[in-house]
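Pasting in a structure now, in structure tokens, and then I'll have a few things to ask.
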Amino acid sequence: MFSPILSLEIILALATLQSVFAVELQHVLGVNDRPYPQRTDDQYNILRHLGGLGPYIGYNGWGIAAESEIESCTIDQAHLLMRHGERYPSTNVGKQLEALYQKLLDADVEVPTGPLSFFQDYDYFVSDAAWYEQETTKGFYSGLNTAFDFGTTLRERYDHLINTSEEGKKLSVWAGSQERVVDTAKYFAQGFMKSNYTDMVEVVALEEEKSQGLNSLTARISCPNYNSHIYKDGDFPNDIAEREADRLNTLSPGFNITADDIPTIALYCGFELNVRGESSFCDVLSREALLYTAYLRDLGWYYNVGNGNPLGKTIGYVYANATRQLLENTEADPRDYPLYFSFSHDTDLLQVFTSLGLFNVTDLPLDQIQFQTSFKSTEIVPMGARLLTERLLCTVEGEEKYYVRTILNDAVFPLSDCSSGPGFSCPLNDYVSRLEALNEDSDFAENCGVPKNASYPLELSFFWDDLS
């Protein structure tokens with residue numbers, strides 16, 4: 001006889017079995033196999049929290065297409081300002097890392113446990129101090145490969161602006177004179193020109209000296225009033241670092257980790273990734289501590305270099321104003337090709353970004369982490385950071401017009417108050433007016449306190465220099 005109870009049991013069993021199969025199917029397929037992912041795992045990507053000291057990471061944009069071709073538009077002039085690629089620590093940071101390494105090595109710990117358990121078989125990641133300051137050459141995040149690969153990417157993008165069949169023409173590439181910057185420029189140029197590199201590229205190294213004045217990519221060196229130490233690490237509370245030290249001393253006893261060691265561990269993670277492509281130190285810090293150390297870097301960048309520094313905008317305007325002059329010249333470019341590729345340091349890039357008004361945010365607080373801000377140094381000036389400024393010639397309503405498009409770290413970056421053009425670009429005339437208005441008080445000689453008898457150049461002219 002039919003039993004309602006038995007039927008219910010069967011129904012429940014079938015439902016359970018169906019649920020198990022569904023879970024197994026989801027496990028096999030994985031959430032990332034869905035047509036459109038529903039997770040935001042990239043927020044946990046450690047490369048987004050290294051304060052500009054780790055490998056390149058693209059900017060989190062707005063989903064705007066960055067293709068070289070926009071309907072009814074062509075790129076007819078382009079500027080690149082790029083930071084050198086991934087590098088070894090500086091000499092000073094290297095000493096700081098060595099000190100932590102020696103401290104951990106000397107600790108009276110027979111068998112390490114917890115997050116620092118790997119240290120039992122760990123060797124310092126820089127085999128020779130001569131590597132300090134240099135570009136990295138191998139691993140997943142090789143700085144030289146970053147430069148070469150980006151050169152190949154831009155060649156595809158700007159191929160229509162290069163005619164390699166014309167004899168005697170050269171592509172000029174400018175770089176700060178520090179070795180890693182020049183190396184970046186050379187490897188980029190090799191990627192861009194391939195086998196024609198030696199014949200068709202001239203890499204111009206601009207001295208990073210006061211005597212170079214404003215005719216350089218490091219104008220800050222010639223600004224006597226510039227103070228790059230407005231913010232100091234001790235200006236922000238270290239309660240998070242103290243909690244993290246307590247956590248590590250509980251989980252990995254015997255190493256006597258202090259609050260001062262926490263930012264150094266973060267440095268270890270970033271630079272070892274640059275060199276080896278992996279780092280066990282990246283798994284040592286808690287998420288809270290990692291966000292804390294990243295914010296310390298943000299504060300340093302903001303107050304010592306960017307918007308929070310009274311001279312950041314003035315110094316950055318030297319380069320921004322020179323590119324403005326080239327963008328306005330729609331008759332004929334002064335060089336063989338309408339391409340202006342420049343290479344420098346993170347500091348110099350951020351000062352240019354400031355003069356362009358890319359990150360006009362309220363001052364970062366010095367008592368708590370500001371999460372709701374667009375000023376994230378990791379996304380703004382990672383190793384290999386790059387700013388593209390493209391002039392577009394577009395046909396709009398039957399008339400040819402010029403526009404300017406800004407691309408920061410591979411993401412189209414619409415200007416907050418000027419994005420009415422194709423692809424959210426800015427009309428050229430409006431771009432110029434906006435830049436001049438933002439920098440009406442950016443008088444370098446006056447603001448920087450340049451002596452009246454200064455013998456160094458007071459304008460950037462290398463884009464036009466040495467023209468036959």
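Think of each number as a place in line: the chain as shown, counted from 1.
Even glycines carry a Cβ here, placed using N, Cα and C.
Remember, predicted model here, so these are calculated numbers, not experimental data.
Sharing the feature lines straight out of Swiss-Prot:
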| type | residues | note |
| --- | --- | --- |
| SIGNAL | 1-22 | signal peptide |
| ACT_SITE | His84 | active site, nucleophile |
| CARBOHYD | Asn163 | N-linked glycosylation site |
| CARBOHYD | Asn196 | N-linked glycosylation site |
| CARBOHYD | Asn256 | N-linked glycosylation site |
| CARBOHYD | Asn321 | N-linked glycosylation site |
| ACT_SITE | Asp346 | active site, proton donor |
| CARBOHYD | Asn360 | N-linked glycosylation site |
| CARBOHYD | Asn453 | N-linked glycosylation site |
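Tell me about the setting of these features in this model.
Sequence-distant neighbours of His84 (active site, nucleophile): residues of the same chain at least 6 apart with a C-beta under 8 Å from its C-beta are Glu135, Gly143, Ala147, Gln178, Arg180, Val181, Asp183, Thr184, Phe343, Ser344, His345, Met383, Gly384. DSSP assigns His84 (active site, nucleophile) to coil in the three-state reduction, placing it in neither a helix nor a strand.
Asn163 (N-linked glycosylation site) counts 10 other C-beta atoms within 10 Å of its own C-beta, drawing on all protein chains shown.
Asn196 (N-linked glycosylation site) carries a helical DSSP state (H, G or I).
In sequence order, Lys103, Ala107, Asn249 make up the list of same-chain residues 6 or more apart from Asn256 (N-linked glycosylation site) whose Cβ falls under 8 Å from its Cβ.
The Cβ neighbour count for Asn321 (N-linked glycosylation site), using a 10 Å radius and every protein chain shown, is 18. DSSP assigns Asn321 (N-linked glycosylation site) to a helix in the three-state reduction.
Counting only same-chain residues six or more apart in sequence, the Cβ atoms lying under 8 angstroms from the Cβ of Asp346 (active site, proton donor) belong to Gly52, Arg83, Val381, Ala385.
Cβ environment of Asn360 (N-linked glycosylation site): Asn307, Ser416 lie under 8 Å away, each six or more residues apart in the same chain.
Secondary structure at Asn453 (N-linked glycosylation site), taken from DSSP and collapsed to helix, strand or coil, is coil. The local packing around Asn453 (N-linked glycosylation site), expressed as other Cβ atoms within 10 Å of its Cβ over all shown chains, amounts to 5.
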Starting from the Cβ of Asn196 (N-linked glycosylation site), draw a 10 Å sphere and report how many other Cβ atoms land inside it.
14
If I take the alpha carbons of Asn163 (N-linked glycosylation site) and Asn196 (N-linked glycosylation site), what is the distance between them in whole Å?
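Here the two Cα atoms are 11 Å apart.
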Does DSSP give Asn360 (N-linked glycosylation site) helix, strand or coil?
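Assignment for Asn360 (N-linked glycosylation site) reads coil.
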